[in-house]
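According to Swiss-Prot, the active site, proton donor annotation covers Lys95, on the basis of sequence analysis. Feature annotation from Swiss-Prot assigns substrate binding site to Asp40, 62-64, 93-102, Tyr227, Arg245.
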Amino acid sequence: MSSKSHLPYAIRATNHPNPLTSKLFSIAEEKKTNVTVSADVTTSAELLDLADRLGPYIAVLKTHIDILTDLTPSTLSSLQSLATKHNFLIFEDRKFIDIGNTVQKQYHGGALRISEWAHIINCAILPGEGIVEALAQTTKSPDFKDANQRGLLILAEMTSKGSLATGEYTARSVEYARKYKGFVMGFVSTRALSEVLPEQKEESEDFVVFTTGVNLSDKGDKLGQQYQTPGSAVGRGADFIIAGRGIYKADDPVEAVQRYREEGWKAYEKRVGL
């Protein structure tokens, strides 16, 4: 696990140099939750309803805003209001993957205006280092607001069967994160990555690990998704667990998110010795 993963969120929040990461750990500590809900719904009403009902129990709400069939500016302003009301961060799972000039326009501009409302974004590094550099540069634009409350996760590994995000790809993900650590918060991965390229690691390094595919009941789906439990994910180094269908498709999503919160927090306390 990361050199800091044995420490409580409160300590990591206090010592972390990245303002957004510090805020994220503070939210987790205050709300006693490490749950990220992946709200993969297709209407604004469903998204806002989930955000309002589940908001008190989560640290982060993950969106795929481009699958909404009725997206309007009102949807985004309402989502921001709910994030403030319930104290959670918004993670737009856009998975940027293009040349630098294009991703800059996709992030800061275009129809979705992602930089204006999403605290966290992510990217794949198949295009090379330039995609990370370009996204980091965008936050330095004169018209970019709230730059210290924006951050990037690099998609270093995936939980789908047969994923090619392994080996050299994962190593380069860690290398680029270290180079652009002012904007890169950490990784979406199946484990902590602190032992990748250990010769480059600084003692103060503290990247956040988000792990997808967390589900209390299913082993996987027909499309190659492979699940792990909150306990196994946190045990492998996840700081924040991402759960989707196991929560929003449950008969009672509020009851479900509380179970994930309880299991995730129990695993976290075991890891840090509380």
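Cβ atoms are placed via backbone N, Cα and C, with glycine included.
Bear in mind that the values here come from a model prediction, so they are computed numbers and not experimental data.
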Local Cβ density at Asp40 (substrate binding site) - other Cβ atoms counted within 10 Å: 17
Binding-site residues listed as Thr63, Asn101, least Cβ neighbours within 10 Å: Asn101
Listed in sequence order, residues with CB under 8 A of Asp93 (substrate binding site) and six or more positions away: Ser38, Lys62, Thr63, His64, Asn122
Which of Ile97, Ile99, all binding-site residues, has a Cβ with the fewest other Cβ atoms inside 10 Å: Ile99
Spatial separation of Lys95 (active site, proton donor) from Asp40 (substrate binding site) - C-alpha basis, Å: 14
Candidate with sparsest Cβ neighbourhood (10 Å radius) among Lys95, Tyr227, the listed recorded positions: Lys95
Distance, Lys95 (active site, proton donor) to Asn101 (substrate binding site) (CA atoms, angstrom): 15
Tyr227 (substrate binding site) to the residue listed as 'active site, proton donor' - Cα separation in whole Å: 20
